[in-house]
Amino acid sequence: MARWLPRSADLTRFCQKLNRVKTLEDDMMETSFNRCLSTIDLTLLGIGGMVGSGLYVLTGTVAKEIAGPAVIVSFIIAGFASLLAALCYAEFGARVPKTGSAYMFTYVSVGEIWAFLIGWNVLLEYMIGGAAVARAWSGYLDSIFNHKIKNFTETHVGTWQLPFLARYPDFLAAAILLVATAFISFGAKVSSWLNHVFSAVSMGVILFILIMGFVLAQPKNWGAQEGGFAPYGLSGIMAGTATCFYAFVGFDVIAASSEEARNPQRAVPRAIAFSLGLATGAYILVSVVLTLMVPWHTLDPDSALADAFYRRGYAWAGFLVAAGSICAMNTVLLSNLFSLPRIVYAMAEDGLFFQVFSRVHPRTQVPVVGIVVFGLLMALLALVFDLEALVQFLSIGTLLAYTFVAASIIVLRFQQQKVDVPVPAAGGRPSPESHEGPSAGELKEYESFSDKLQLVDREKSKEHREPGQLKAAFEPYLEFLSDFYPGEVVTVAVVTLMVSAICLCSILVFGSTHLHLPTWSYSLLLVLFSLGFLLSLLLIWAHEQQHGTQTFQIPLVPLSPALSIILNIYLMLKLSYMTWLRFAIWLLLGLLVYFGYGIWHSKENLREPRPQRVSARYVVFPSGSLEERVQAVQPSSQPTTGLPDTDTEDSKR
């Protein structure tokens with residue numbers, strides 16, 4: 001039976017395959033896409049992805065049912081929390097100007113299987129999100145015409161009484177998705193122009209709402225007679241923050257479009273900062289005027305802004321609000337349809353998804369196959385499925401992507417720069433594809449000592465410390481950590497930090513409710529996991545990180561990404577168990593695709609050097625000097641440097 005068990009060497013190679021990282025090209029500006037988007041184009045794409053129907057619906061819902069006028073504070077906190085994630089995307093988008101967003105960022109720093117799962121979840125997120133917005137767009141337009149479209153469909157087509165299916169087929173929602181798909185397939189410039197038009201109308205309506213709202217404002221609506229500014233207290237503000245956080249989901253369209261930006265190193269960070277700032281300002285100011293126009297407890301959650309103008313005697317303003325809402329939803333549709341095919345393209349280009357989706361149209365320079373296929377799938381979802389039960393699923397995919405991008409920032413920032421050590425190919429010539437140095441924590445094997453001795457001498461000649469090495473100030477106290485390969489301790493500390501964050505957030509969310517922990521054990525566990533989180537953070541900070549790069553860098557690393565990680569995990573654990581169940585099922589389907597197709601067709605799999613027949617190999621360990629280690633493992637009768645390959649000598653004879 002033992003012969004059927006996998007050997008340890010096979011398991012090691014298998015784990016290395018799962019965690020291999022993507023090899024980036026020397027010229028990352030080279031692309032088959034059309035680099036035509038400016039900073040303004042990217043900024044408006046980001047605004048279109050964030051300022052959608054939420055501005056017209058979410059503000060009223062949170063104000064009436066969760067936070068009251070303190071929804072303003074909820075949006076401020078949610079905007080700051082989103083800023084932490086956005087800055088991580090900004091640094092990656094500038095350093096790795098390739099399409100793929102969170103999938104690409106995870107692939108170049110954490111590993112292949114994690115990147116695939118992130119990309120797999122983002123696919124479903126965009127599909128359900130686009131279909132849900134299309135149905136909301138259809139319902140909003142239908143309500144303007146007194147639901148005549150719905151009544152006509154139910155009368156002439158009929159209704160369904162099946163689980164998970166909509167009550168009636170929504171042809172209008174499917175039609176708007178097909179039209180949007182056609183426009184997106186014409187190219188990035190056409191998509192950007194269309195987004196400009198809808199964004200201009202939407203921002204014009206928002207400006208009108210703000211001016212008229214401040215004219216009609218009544219400060220007494222925040223007074224004690226109406227319940228005060230924060231009627232639900234701090235708990236209501238924080239509950240509102242969790243809901244408002246999802247209003248800012250959408251800035252990742254900027255990172256997904258970085259391969260089509262003219263100057264991504266400058267445009268991506270600026271566009272993310274501008275769009276997030278404008279979106280946060282719009283949400284805060286609209287919340288101010290809405291709660292000052294009418295008492296917060298009298299708001300209509302479904303159409304708060306239009307109803308507020310109607311009750312103040314400006315019924316005509318409701319049509320402007322409706323026009324702005326429809327234009328805002330159009331920008332969200334375009335954002336989803338713009339990002340989704342590009343992420344699919346990135347996965348297919350790397351060999352992890354079906355190769356047909358990596359085709360780029362020679363004239364429009366867009367992945368037209370992915371646009372058409374996933375546009376049709378999105379239209380089908382909007383046509384027949386009841387998406388209300390699936391909308392909450394969107395949150396978990398987004399939060400998981402944010403978490404991995406934040407962790408990837410820490411790993412990449414403390415990673416040692418790649419050293420070009422050619423790996424000999426079969427036949428003795430260096431492989432042209434081998435441009436990577438040894439990865440973190442890897443034991444590297446060499447055929448001879450001469451090349452490695454030169455590398456060691458170069459390393460010894462460097463006076464400054466490399467990224468991932470222990471800082472000089474901490475060496476007297478943490479000397480035992482100096483034996484590890486640069487970046488190895490940081491990687492372990494990041495894993496420990498994430499485990500501590502999961503345990504800490506689990507105690508906070510479930511400790512007193514589901515687990516019914518006594519006070520002493522609840523407090524003890526909080527202290528223990530908080531210490532684990534802080535110690536991991538301090539251990540990361542005790543190492544050198546990369547400095548002096550010419551692209552944007554997020555400040556306060558590792559603190560900023562760590563705060564983003566713990567916040568995202570906390571919000572994920574607040575989701576319902578049914579969301580986690582659907583998430584687990586979707587992950588299992590993704591693993592089937594990866595192990596059935598992706599792992600075998602991965603381009604990194606093709607780059608791996610084939611095993612060669614050599615008579616002797618010498619292992620260079622990460623710790624200690626090369627000469628000392630080599631003398632310990634080689635025969636004493638042989639010289640210490642310049643050893644010939646015995647197979648080569650035999651063949652010459």
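Using the three backbone atoms N, Cα and C, a Cβ is placed for every residue, glycine included.
Here TrEMBL flags 36-58 (among others) as transmembrane segment.
The transmembrane segment feature in TrEMBL is assigned to 70-90 (among others). Tertiary proximity for the transmembrane segment (70-90) is limited to same-chain residues at least six positions away from its ends with a CB under 8 Å from its CB atoms, namely 59, 62-63, 101-102, 105, 229-232, 236-238, 240-241, 243-245, 247-248, 251-252, 254-255, 268-269, 272-273, 276, 279-280, 283-284, 287-288, 291, 402, 405-406, 408-409, 552, 554-555, 560-561, 563-564, 567-568.
Annotation comment: TrEMBL describes 102-123 (among others) as transmembrane segment. Within the chain carrying the transmembrane segment (102-123), a Cβ under 8 angstroms from the stretch's Cβ atoms is held by residues 17-22, 24, 89, 92, 96, 252, 255, 340, 343-344, 346-347, 350, 352-353, 374, 396-397, 400-402, 404-405, 407-409, 411-412, 415, 583, 586-587, 590-591, 593-594, 598-599, 602, 604, all 6 or more beyond its ends.
Summarising the annotation, TrEMBL assigns transmembrane segment to 171-190 (among others). Outside the transmembrane segment (171-190), and at least 6 residues removed from its termini, the chain residues within Cβ reach (under 8 Å) are 33-34, 36-37, 130-131, 134-135, 137-138, 141-142, 149, 153, 257, 260, 330, 333-334, 337-338, 341, 361, 364-366, 368, 371-372, 375-376, 378-380, 382-383.
Annotation comment: TrEMBL describes 197-217 (among others) as transmembrane segment. Taking Cβ pairs closer than 8 Å, the transmembrane segment (197-217) reaches residues 44, 47-48, 51, 55, 282, 285-286, 288-290, 292-293, 305, 309, 312, 314, 317, 320-321, 323-324, 327-328, 330-331, 334 in its own chain, all 6 or more past its ends.
Sequence-distant contacts of the transmembrane segment (229-251) (same chain, six or more residues past either end, CB-CB distance under 8 Å): 46, 48-50, 52, 54-55, 58, 61-62, 66-71, 73-75, 77-79, 81-82, 86, 89, 222, 272, 275-276, 279-280, 283, 296, 332, 335, 394-395, 398, 571, 574. For 229-251 (among others), the entry in TrEMBL reads transmembrane segment.
Taken from TrEMBL, the feature transmembrane segment covers 272-294 (among others). With a cut-off of 8 Å between Cβ atoms, the residues of this chain six or more beyond the transmembrane segment (272-294) that come close are 39, 42-47, 49-51, 54-55, 59-60, 63, 68-69, 71-72, 75-76, 79, 82-83, 86-87, 89-90, 93, 206, 209-210, 213-214, 216-219, 221-222, 244, 247-248, 251, 254-255, 304-305, 308-309, 311-312.
Annotation source TrEMBL lists transmembrane segment at 314-338 (among others). Outside the transmembrane segment (314-338), and at least 6 residues removed from its termini, the chain residues within Cβ reach (under 8 Å) are 45, 47-49, 51-53, 55-56, 126, 129-130, 133-134, 136-137, 140-141, 144, 176-177, 180-181, 183-184, 188, 191, 194-195, 198-199, 201-202, 204-206, 208-209, 212, 216, 250, 253, 256-257, 303, 305-307, 371, 374-375, 378.
The transmembrane segment annotation in TrEMBL covers 366-385 (among others). Within the chain carrying the transmembrane segment (366-385), a Cβ under 8 angstroms from the stretch's Cβ atoms is held by residues 33, 123, 126-128, 130-132, 134-135, 138, 164-166, 169-171, 173-175, 177-178, 180-181, 184-185, 187-188, 336-337, 340-342, 344-345, 348, 356-360, all 6 or more beyond its ends.
Under the heading transmembrane segment, TrEMBL lists 391-412 (among others). Here the transmembrane segment (391-412) has long-range neighbours at 84-85, 88-89, 91-92, 95, 101-102, 105-106, 108-110, 114, 118, 121-122, 124-125, 128-129, 132, 246, 249, 252, 487, 490-491, 494, 498, 540, 546, 554, 557-558, 561-562, 564-565, 568-569, 571-572, 575-576, 579-580, 582-583, meaning same-chain residues at least 6 beyond its ends whose C-beta is under 8 angstroms from one of its own.
Sequence annotations record features per position, and here TrEMBL assigns region 'Disordered' to 423-442 (among others).
Residues or ranges marked as compositional bias 'Basic and acidic residues' by TrEMBL: 432-442.
Residues or ranges marked as transmembrane segment in TrEMBL: 489-510 (among others).
Per TrEMBL, the feature domain 'Cationic amino acid transporter C-terminal' maps to 552-602. Looking at the domain 'Cationic amino acid transporter C-terminal' (552-602) alone, the prediction's average pLDDT is 90.
The transmembrane segment feature in TrEMBL is assigned to 554-573 (among others).
Look at TrEMBL and you will find 629-653 (among others) tagged as region 'Disordered'.
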Residues of the parent chain within Cβ reach of the transmembrane segment (36-58), under 8 Å, 6 or more residues beyond its termini: 133, 136-137, 140, 188-189, 192, 195-196, 198-199, 202-203, 206, 243-244, 246-254, 257, 260-263, 266-268, 270-272, 274-276, 278-279, 282-283, 286, 301-306, 321, 324-325, 328-329, 331-332, 334-336, 338-339
Spatial neighbours of the transmembrane segment (489-510) far in sequence, C-beta under 8 Å, 6+ residues away: 403, 407, 410-411, 414, 440-441, 468, 470, 481, 517, 522, 525-526, 529-530, 532-533, 536-537, 539-540, 543, 562, 565-566, 569-570, 573-574
